[in-house]
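Undergrad: Sharing a structure below in structure tokens format, with a few things to ask.
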């Protein structure tokens, strides 16, 4: 069968594959200063935000990504108090970090205010914590902000960006990671959305090497399902400045908030590496 | 964008989603006695076999499925010697079971000989062990075979079937599972491909209840990526007659064969259940 205009399709050219959702309406479309943003009503996935033709977030399945971009990371740090999010304009990552009682401040910096304005309208369930007094939401160049940030001031940096092409490209460079390294405290952890463990093994290699180049002492990959993203399987790459990932398992088991995907067992299981990744990414080999 | 005839698309109606692969050629198409079988050359996934418009197997990514349908199962049994495969006509599951030194006999019964004939031509890498003296390949009604099988004669039964609609439907019934229960030894294990842990939670519930109804004492779910199947995330459901799953971890760590996905860590991690499945399937709750 071929898929007509009643479907939104994202084709991922290098893999020769595409993922599609049946749509009932195109609710909104605009060219912001930085990118094209479309909002669709889908038949079964709720609303769908698409940026420059790439699926970003759907009502139904964003919990995989937002939970796995945050909880494995925050529960791998002894006391994550001060957090920076680069990107993350839909506010779903911000919302999850604010669930942690350790969190004292979260600064979210997305370059495009329109993403957040549209999220407030179409994904209000992700924006419930935007007015938390611990949250600061800025719209500016995140790289510049990190470059100027006070040294050794942050516990956690989360790069919740678009793909390595387009506006997000600068978030995949040595230069940016060296700014992050400097802004983090000695036991700080950087986490970045690192694409598909099936399609993007070369990118994962490059990222591991870049993290090593700028001084991080250990990297760790967490992987998880994400149906609307290419291959249906996604990952978050963590880099620890002092080389430690201290899993607070007891805290994760007794987490004082609800999740839909994450739990302490999922935390541990999401870092088990398939044979082909052990061979391709020896840097990630588990102790 | 819409996807034209240069793509093969499988739309999974209840989920309102579709997965597509770019194709360069339709190599073969036939209506066998039981189903329509198409073979495509894809741009990046090698060859693709499609049965009744559902993707079955691709050169590039079948390793996830075939390894996860067999190794977690065989390494969860103390001494899996005598194995029955119902379905599995592409011979990839047979090939993996024969890698285990414990295996003394494997009988594969697919109703449609054409699937195996086409696999020999288009997926010869899956058929390398078809002439192993421990293997018996039959083409007949698997249900009838199991019904007549000697009681307490089998260690393992693997149901490597198509979807619960069409010719595979009878492989999702109480009647069939009771035949399996009778044919298994007291410490025998049944395993069945159990669809997507995201889209098919209701089916998983039904299967757990059916296994319990016919006398199995414990069930366990292993989940894993499978990019070409709906949601990109798939599962194998195990049912143990005496309620025991004895993971031979040391044997898995020292497995005398190569794998691409499976290893001892993946074995353990693939049974960690997300929060929403713990709630939906309390039968699977881990001890």
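These residue numbers are counts, starting from 1, taken along the chain as shown.
Placement of Cβ uses the backbone N, Cα and C atoms for every residue, glycine included.
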Undergrad: Could you look at B:66, B:71, B:77, B:100 and say which one TrEMBL places alongside B:90, B:160, B:161, B:162, B:163 in the spermidine site?
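TA: Answer, per TrEMBL (spermidine site with B:90, B:160, B:161, B:162, B:163), from B:66, B:71, B:77, B:100: B:66.
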Undergrad: Between residue B:142 (S-methyl-5'-thioadenosine binding site) and residue B:90 (spermidine binding site), what is the CA-CA distance rounded to a whole number of Å?
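TA: It is 15 Å, counting Cα to Cα.
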Undergrad: Which of the three DSSP-derived classes (helix, strand, coil) applies to residue B:142 (S-methyl-5'-thioadenosine binding site)?
TA: helix
Undergrad: Can you tell me the three-state DSSP label for residue B:66 (spermidine binding site)?
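TA: Helix, per DSSP.
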Undergrad: Between residue B:162 (spermidine binding site) and residue B:35 (S-methyl-5'-thioadenosine binding site), find the distance joining the two CA atoms and give it rounded to the nearest Å.
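TA: If we compare the Cα positions of residue B:162 (spermidine binding site) and residue B:35 (S-methyl-5'-thioadenosine binding site), the gap is 11 Å.
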Undergrad: Can you grab the distance from residue B:110 (S-methyl-5'-thioadenosine binding site) over to residue B:163 (spermidine binding site)? Cα atoms, rounded to a whole Å.
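TA: Roughly 14 Å, rounded to the nearest whole number.
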